[in-house]
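Taken verbatim from TrEMBL:
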- C:12-34: transmembrane segment (TRANSMEM)
- C:41-57: transmembrane segment (TRANSMEM)
- C:63-83: transmembrane segment (TRANSMEM)
- C:95-113: transmembrane segment (TRANSMEM)
- C:140-160: transmembrane segment (TRANSMEM)
- C:189-210: transmembrane segment (TRANSMEM)
- C:222-255: transmembrane segment (TRANSMEM)
- C:276-294: transmembrane segment (TRANSMEM)
Amino acid sequence: MRAALTRLAAPALLFLLLLAVPFLGIGGGFVLDLLTRAMILGIAAVSLSLLVGGAGLVSLGHAAMMGIGAYAVAALDAAGITEGMIVFPTALAAAALFALVTGAVSLRTSGVHFIMITLAFGQMAFFTASSFSSLGGDDGYTLYARTEILGSPLLQDRRSFYLVCLALLALVWGGCTAILGSRFGRVLRAARENERRVRAVGFSPVPYRLVAYVMAGAVGGLAGALLANASEFVSPASLSWTRSGELLFLVILGGLGRLHGAILGALAFVLLEEWLSHLFVYWRLVFGPLLVLAVLFLHDGIAGLPGSLRAWSRWRPTFSKRRSADA
Amino acid sequence: MPEPLLELRGLCKNYGALAVTDDVSLTVLPQEIHAIIGPNGAGKTTLIHQISGTLRPDRGSVLFAGRDVTALPVERRARLGLARSFQITSIVPGFSVLENVALAVQARSGSSFRFLRPAGSEAAINRDALAALEAVGLAGAAGRMANALSHGEKRQLELAIAIAMRPRLLLLDEPLAGAGPEETARLIGLLRDLRQRYGILLVEHDMQAVFSLADRISVLVYGRVAATGTAAEIRADPEVRRAYLGEDELA
Amino acid sequence: MTLLLVQVLNGLQFGVLLFLVAAGLSLVFGVMDFINLAHGVQYMLGAYVAATFGLWLDSFWLGLLLALPVALVVGLLLEWLVFRHLYRRDHLSQVLATFGVILTLDEAARALWGSAPLNVPQPGGLPGGIEIMAGLNYPAYRLVIIGVGVVVPLLLWFLVERTRIGMLVRAGATNATMVSALGVDIRRLFTLVFAFGSMLAGFAGALASPVFPVAPGMGENVLILCFVVIVIGGIGSIRGAFAAALLVGLIDTLGRAMLPDLLRLLLDPSSARQTGAALASMLVYIVMAGLLAFRPAGLFPGPRA
């Protein structure tokens with residue numbers, strides 16, 4: 001019980017802080033917009049974290065799920081449909097369907113092959129999006145209006161949009177946390193660590209992984225639909241493989257194995273990107289090396305930073321174990 | 001004679017020109033311990049792989065409880081009641097001891113496509129898992145992480161996982177390997193108890209254990225069954241003595 | 001008919017370039033179990049260096065020649081700075097760190113040369129076109145690329161199959177511990193393979209520079225197709241990479257050229273063009289997915305597959 005409380009303390013604090021922001025009036029609308037975007041990316045990152053950290057499936061095509069959700073909003077917008085009760089289910093279903101079909105093929109492989117194949121399917125979605133000339137092709141499509149919820153323009157208002165995103169983020173985080181602790185999640189986690197053992201007690205891992213892949217896809221679709229609303233614009237760039245790489249980075253930056261880490265990663269990423277791009281024109285010259293350094297040195301991500309700091313403070317230069325291991 | 005639980009009919013497996021399993025036929029009856037012995041490289045592990053389903057035989061068939069399972073994958077055989085322990089310990093290292101066993105209980109009790117209810121607080125599953133741990137004498141370690149167990153404890157855990165599946169046949173690949181004398185004694189006692197409930201196919205190097213436990217013994221030499229019989233018959237068989245026991249007793 | 005021939009030649013030539021990049025990627029993965037997204041950067045770098053030096057020295061061929069050592073040095077530098085710290089990490093870390101390298105170097109290219117495609121000197125000393133069939137002129141330079149595609153694979157085959165280093169590389173791909181137990185400095189071997197792969201990719205980029213647009217991000221498009229090539233051909237297999245590269249080059253080129261026309265038989269012209277273009281860019285991925293459904297280890301499974 002006590003352990004459960006300490007485990008929940010960090011995410012609870014995070015959500016409370018996010019909830020407080022719009023009522024403190026910090027920095028005005030710009031900060032709210034920025035955090036909204038971070039939370040939307042956080043939703044996608046949590047779903048990816050379920051795949052990578054929970055099921056051990058490293059997908060380099062998760063941006064496709066977001067992109068499909070975003071394009072569902074655009075396609076319905078072009079058809080004059082902006083009712084959220086239609087738009088959101090459609091976005092989720094479209095992304096889930098894509099995940100089902102591509103997942104069924106991808107899960108025949110594992111390891112590096114899985115990474116490459118999800119990347120290839122992501123590219124497929126990207127090229128498809130670029131060919132929708134009725135939705136602007138490469139140039140993208142600007143929405144006429146944000147999605148309405150039961151006819152009310154809830155998402156128009158900056159603060160209520162922020163709160164909706166926060167609520168959804170909390171819901172997705174809670175849902176994914178529950179899933180990881182459930183019977184289903186137990187099979188998924190066991191199969192990540194020792195597939196042979198899982199088979200020997202009578203589980204075939206593939207159906208479990210496929211269901212997880214579809215669920216993560218649907219949540220990715222939700223994030224995409226929200227992102228389309230946030231920017232009121234959809235373009236193939238949101239499906240590009242670099243976006244998939246960024247999502248994967250958010251998850252690792254925050255720390256694998258802790259779902260709220262993905263949210264921390266998203267916040268850190270968006271704020272850093274914003275800050276750096278104000279400082280330098282070619283900000284990726286700084287951002288890229290930071291990313292490399294984070295991978296090389298930040299093994300447990302931001303969420304694991306307290307533990308890492310404790311470990312570093314005890315560190316003595318005994319020359320890298322890694323090196324001596326190959327002798 | 002009761003219907004055999006497991007029956008191998010003319011099993012053959014070749015690696016290139018080498019016949020690792022050469023026309024092996026044998027049976028395991030309910031409540032019987034049938035041991036397979038043989039020198040290193042006799043093809044014991046390959047045989048286990050074919051019975052559990054990780055390897056497909058080139059020819060021949062595997063019948064389990066009267067049903068041909070030759071074409072079924074590992075997980076289907078497991079669900080039919082064929083539990084296996086591995087020669088090299090195979091557990092889920094990041095799980096607690098209890099959760100390792102609970103996974104096996106979960107596999108046979110209802111659907112695992114349940115997404116929201118915390119699996120860790122399902123009382124029925126935990127109770128069965130704990131019972132299996134008690135049976136192998138590991139109940140005290142239930143809360144520890146599996147990767148923190150000693151080698152012998154890990155072997156016990158594997159056994160608990162197998163028992164928790166409530167199988168009809170246990171396929172044990174060197175369950176005593178690497179266990180200390182005290183652990184060995186306990187494990188032998190345990191296997192003797194288990195015989196009341198399951199058929200057991202035992203591959204083991206510890207000859208003392210094999211001869212004290214097994215109802216029947218088959219000697220595997222170069223992939224073939226050289227002899228099958230009771231412990232006394234096998235001890236008396238001159239060919240077996242020459243091919244196998246002689247070397248081993250010298251060693 | 002002549003159109004088909006031209007497209008087949010274009011496809012072969014694209015396949016050759018893909019092979020040059022994929023060969024290094026596949027070797028590095030096969031020997032070091034290291035997945036290097038930044039391999040495409042070498043390709044981009046080769047193109048930029050060849051173009052820049054070519055303009056400066058007023059000779060494409062000198063630019064091409066200079067691109068090789070530059071690609072080599074940059075490859076070694078990256079290996080020393082970043083990659084060698086990743087060999088023992090999981091694939092996820094490798095993907096992310098090399099992704100960071102891509103972001104950095106693409107941005108560097110943008111900062112140095114701008115975002116717009118670069119002007120590239122045309123290779124001199126060659127006849128503009130060669131008549132390969134009555135009434136059909138095909139650019140001589142493009143035939144040179146296809147020629148490279150015959151020579152380099154033979155050279156690679158010789159290196160891998162017939163030399164001591166090649167023997168070690170093959171052995172290292174199967175069992176690195178054993179090779180180092182034989183007293184071979186596996187790290188030096190890795191570095192060598194890596195350097196060679198970088199140079200091949202840089203060479204491919206330099207070769208491609210007069211034919212394809214030279215712009216930031218050009219490496220990634222090739223890289224992703226190279227992944228398809230490796231997946232189809234089987235990881236670690238040079239033979240597989242060669243067959244798959246030609247296959248992917250042909251499918252991609254022919255698909256783009258032919259599909260819109262073929263679809264016109266079924267659809268009205270504008271939607272035929274649109275659907276055709278979309279289908280053509282997806283074609284190689286569809287082929288890959290189909291192949292994987294039947295042969296998950298690729299056409300020629302390598303030692304690790």
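Cβ atoms here come from the backbone N, Cα and C positions, even for glycine.
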Report the listed stretch (C:41-57, C:95-113, C:189-210) having the maximum count of Cβ pairs within less than 8 Å of the transmembrane segment (C:140-160).
C:189-210
Contact between the transmembrane segment (C:189-210) and the transmembrane segment (C:41-57) (3 or more Cβ pairs under 8 Å, separation 6+):
yes
Beyond the flanks of the transmembrane segment (C:63-83) by 6 or more, those residues with Cβ under 8 Å of it:
34, 36, 38, 42, 45-47, 49-57, 97-98, 101, 121, 191, 194-195, 197-199, 201-203, 205-207
Looking at C:12-34, C:95-113, C:276-294, which one has the highest count of Cβ pairs under 8 angstroms to the transmembrane segment (C:222-255)?
C:12-34
Where else in the chain does the transmembrane segment (C:276-294) make close Cβ contacts, counting only residues six or more beyond its ends and a cut-off under 8 Å?
225, 228, 231-232, 247-248, 251-252, 255-256, 259-264
